Amino acid sequence: MLLELARWLQQLESLFGLFNYLTFRGILAALTALFLSLWMGPAVIRKLAQFKGGQPIRQDGPQTHFSKAGTPTMGGSLILLTVTLSVLLWGDLRNRYVWLVLAVMICFGAIGWYDDWIKIVRRDPNGLKSRWKYLLQSIFGLAAGLFLYYTADVPAAITFYIPMFKSIALPLAGVSFVVIAYFWIVGFSNAVNLTDGLDGLAIMPTVLVACALGVFAYASGNVVFAEYLKIPLIPGAGELIIICSAIAGAGLGFLWFNTYPAMVFMGDIGALSLGAVLGTIAVIVRQEMVLVIMGGVFVIETLSVIIQVASFKLTGKRVFRMAPIHHHFELKGWPEPRVIVRFWIISVVLVLIGLATLKVR
């Protein structure tokens with residue numbers, strides 16, 4: 001929105017040419033989302049607190065979690081609102097990737113909102129029935145995959161790449177591309193949701209991964225950097241740095257209120273939408289496997305649930321004391337802040353490894 005105004009004003013004053021730089025607008029997007037979150041946060045939390053009872057607590061969970069009863073949830077609505085406003089202000093609204101990612105965020109956020117609403121109003125910790133949740137996620141995930149396939153304007157946009165092996169590039173047919181896009185979008189949506197079980201546990205890795213994806217998006221959309229780093233050139237992908245920056249700013253603003261002990265929980269409205277956005281951006285910039293590395297915390301949390309369920313069904317025994325795995329460490333006696341910070345440290349290391357693949361090729 002403001003970009004169009006700046007382009008017009010540039011004819012009168014060359015200083016407005018700064019707005020043509022993605023990095024400059026990325027910084028503004030992050031700061032805008034951050035300050036909006038800090039400013040609007042208290043009012044949003046007070047509004048959410050009107051839903052008496054807050055987030056339902058699992059009866060079979062760690063005993064320390066019962067003190068969280070009554071904490072407002074659906075705080076992810078603050079993230080979605082500030083990200084959307086920031087992107088609309090600083091993003092190039094003629095870019096199809098911007099609108100696709102915003103649409104994915106809003107659609108998956110709507111699923112999460114309804115899931116949270118059921119948990120709060122009906123006092124049902126399970127929320128929306130799994131089959132309906134996965135059906136809606138599948139519809140939106142497949143729609144995003146189809147959109148990306150049929151609007152691809154360069155072969156690189158529908159080619160599968162393996163990190164660190166620049167000679168491996170697998171062209172994808174329609175079905176294979178859409179299936180991969182579906183699994184990454186829906187998979188990471190649920191992976192972030194599974195991780196969101198402790199105060200601040202999910203949002204910090206999300207911020208870190210978003211920042212790293214912003215680097216990949218910027219490089220992928222730049223002819224010089226893409227050629228130098230031997231990564232796929234995706235015209236228009238650079239604009240996604242605005243969304244990544246907005247997520248980083250909004251995420252840090254939300255963490256101000258979500259840090260231990262949390263004043264508000266993100267809820268499914270935030271976790272499902274942010275995970276889907278990370279998956280979508282990774283698919284656009286053709287860095288699906290790098291996302292698996294950088295989002296390793298989300299992957300580990302998901303695998304712990306899969307292993308736990310499979311083991312119990314096959315052998316009647318549990319591998320972990322409780323899944324997702326962050327609860328396992330809680331039940332081993334780790335204080336919640338220790339679990340959170342150590343998972344953050346792991347996330348930092350994994351993101352740095354992911355960024356290193358830019359040169360190790």
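Cβ atoms here come from the backbone N, Cα and C positions, even for glycine.
What Swiss-Prot says about this one:
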- 25-45: transmembrane segment (TRANSMEM)
- 73-93: transmembrane segment (TRANSMEM)
- 98-118: transmembrane segment (TRANSMEM)
- 139-159: transmembrane segment (TRANSMEM)
- 168-188: transmembrane segment (TRANSMEM)
- 200-220: transmembrane segment (TRANSMEM)
- 237-257: transmembrane segment (TRANSMEM)
- 264-284: transmembrane segment (TRANSMEM)
- 289-309: transmembrane segment (TRANSMEM)
- 339-359: transmembrane segment (TRANSMEM)
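Taking every recorded stretch in 73-93, 98-118, 168-188, 339-359 and counting its Cβ pairs under 8 Å to the transmembrane segment (200-220), the highest total belongs to 339-359. The transmembrane segment (237-257) shares more Cβ pairs under 8 Å with 25-45 than with any other stretch in the list 25-45, 73-93, 98-118, 168-188. Stretch with the largest number of CB pairs closer than 8 A to the transmembrane segment (98-118), among 25-45, 168-188, 264-284, 339-359: 264-284. Counted over residue pairs separated by six or more positions, the transmembrane segment (264-284) shares at least 3 Cβ pairs under 8 angstroms with the transmembrane segment (168-188), which defines the two as touching.
Counting same-chain residues at least six beyond the ends of the transmembrane segment (25-45), those with a Cβ under 8 angstroms from any Cβ of the stretch are 3, 19, 72, 75, 77-79, 81-83, 85-87, 89-91, 214, 218, 241-250, 252-254, 256-257, 263-264.
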